[in-house]
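According to TrEMBL, the protein carries these features:
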- 78-267: domain 'ABC transmembrane type-1' (DOMAIN)
- 305-551: domain 'ABC transporter' (DOMAIN)
- 12-39: transmembrane segment (TRANSMEM)
- 80-106: transmembrane segment (TRANSMEM)
- 113-137: transmembrane segment (TRANSMEM)
- 199-222: transmembrane segment (TRANSMEM)
- 242-261: transmembrane segment (TRANSMEM)
Amino acid sequence: MARRRGSVWAAAVRTPVGACSALLLAAVVVLAVLAPILWGDAAAAIDTDAIGQGPSGAHPFGTDSLGRDLLFRTLVATRLSIGLAVLATAIGVVAGVVLGTLPAVLPRWAGRLLTAVVNIAVAFPGLLLALFLAVIFGVGTQGAVLAIGFAVAPAFARLVQTLSASVSGRDFVAAARVSGVGRIRLLARHVLPNIGEPLVVNATIGAGSALLAFAGLSFLGIGVQAPDYDWGRLLREGLDGIYVNPVAALAPCAAVVLAGLSFNLAGETVAAVVGLRTRATRRAAGPLPAPRPSAAETPDAGAVLVVENLQVAFPGPGGWIVPVRGVSFSVRAGEAIGVVGESGSGKSLTALAVSRLIEAPGVVTADRLEFGGKPLADASDRELGTALAMVFQDPMTSFNPARRVGRQLAEVSEQHHGLSRRQAFARAVDRLAAVRVPAAARRARQYPHEFSGGMRQRAMIGMGLMGEPKLVIADEPTTALDVTVQRQVLRLLARTRETEGAAILLISHDIAVVSQTCERMLVMYAGRVVEDLPTAALPDAARHPYTRALLATTVDLETDREAALAVIPGRPPEPDQVPPGCAFAARCPLASDRCRAEDPVLAPMAHGHRVACWHPHETAVTVLSGQSREEGAA
Ligand SMILES: Nc1ncnc2c1ncn2[C@@H]1O[C@H](COP(=O)(O)OP(=O)(O)OP(=O)(O)O)[C@@H](O)[C@H]1O
């Protein structure tokens, strides 16, 4: 992990912005540390023979009214200017974090009061607030530090409140709360660590603003007081003689600008590392691994979807993680195919890849990935938006909670069919009625939270029907629903297939659901399709030991209630720990040495039946050869 972080930072520092920020910041820090030691005395040395001089060989920036060298004074002032700005920022961040998190700990009324106070303070311009506070805390360095610290605190508090609110709504915080974790511990353990990165980025950028504000207060005479001096004071003194020696004023100005720039660029670099760490990781992950070969079936000329050797990879700390490893299948027009497999087998990623929904840094590669007869990569958003419908497991998160359901459906037709607002809405009502949402016209004006789970799922299917879907991909569409509603949704999918002629790719844990709804079933294990078989002859047709084991774990009304439930011993391998050979070998009762050494290719066994196994079960169903493949291959 440390190596990965190190490489990400190294990559960020190699960018132009990163390199500039690193150089500037290093120069500022070195000067802040060394300048007072090296040139402190020279900067304080009064020379009555050289009062108010302009730039010369002896004094490149000239001298001040006591004949002190302005170059040395500008360099020496780095420590105080930077130190005070950093101190003020630290006060601002700490006060901001406290103010921002207190509302979560205090009684409700006190929390709301504090939030209101912070909101009012945020409305004041920062510098005005700093001036106001500087007067309250008293003129001088200490007063200025406190004034700037507390002036930037409200903005940080607001940021902390917003970030905490977004984290507090997450399930893991709710789970911790339910398990009795106290408020303070909840904040410290679960909320703050998750908002740390954006805070660090903002604090770095905020230090630049604090530097400017400090220089401003010193310039106005209410910051650093003589005999101490920072860049603000030097600027004020230099301004008096600007017509005689402009460099005296310009040098501290340039120092403020450069130091401020170093903080801002450092903030940008931190932000880039935080936001795009994965991009740098991708470089660190090296070249993509070659997909494992799988014998592709010969797709029909009219196949809606053709997938050949699909691979989905993500950069990981130790190289590429490949959760989908060479998946091949095709979906004919109007066909319903089910995808089953244990959790983590790559079902959802396969569905997301064929919907073009894998986000960077994920990388999708395939020998062939075609939708509607042409490469998926060439399909326009409009074509995909109308011809491919996606139904997700949780319909609550698939709808925008702030918009009415009808308007969200209508958007599809406004975007892709050029319909007017009114026409698109009328079509949305029609589609809601088509998916049997009762009182569709009224329901279309409601928000997603006013729908029941089953109704939302039907509305989601209705959204898919706003176009002319050739393929509906449904990823666990019934998992969150009760059995009755589950049946309604499955019937609706079947009806969509009949009325629209759409093909269905149904992802489910439930083999019973798949065998009732689909003609074919793809069984996935550890990122590969291990069996592709017709559902009509299930369970007898299953030949892969994994498919058989999955079938044995299904329970129905005829299952012997006295007998122990069947389970598949062991666990599927993690995507980054897939062994050589067959990934199922460690759990397979039939595994041989060959299984552990060589990964079997998904190969045709009979018409419409493909299996990736060295020892497939013999079945009464027609097979290509009576021998096991190992014997056949021998
Ligand atoms: N962005 C990602 N980066 C790295 N690994 C990922 C990413 N997304 C998914 N994975 C991994 O890929 C594997 C397959 O995930 P996928 O969601 O496709 O499984 P699944 O078969 O749909 O499981 P489930 O039935 O639980 O939804 C999992 O092990 C998961 O941890």
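For all residues, glycine too, the Cβ spot is worked out from N, Cα and C.
Outside the transmembrane segment (80-106) by six or more residues, the chain places 28-29, 32, 112, 114-115, 118, 141, 144-146, 148-161, 164, 168, 183-184, 186-187, 191-192, 199, 203, 206-207, 210-211, 213-215, 224, 228-232, 255-256, 259 with a CB less than 8 A from a CB of the stretch.
Nonlocal intrachain contacts for the transmembrane segment (199-222), taken as residues 6+ away from its ends with a CB within less than 8 angstroms of a stretch CB, comprise 81-82, 84-86, 88-89, 92-93, 97, 126-127, 130-131, 134-135, 139-140, 143-145, 147-148, 151-152, 155-156, 159-160, 163, 230-233, 235-236, 252, 256, 259-264, 266-268, 270-271, 274.
Averaged across the domain 'ABC transporter' (305-551), the predicted model reaches a pLDDT of 86.
Outside the transmembrane segment (12-39) by six or more residues, the chain places 72, 75-76, 78-79, 82-83, 258-259, 261-263, 265-266, 268-269, 272-273, 280 with a CB less than 8 A from a CB of the stretch.
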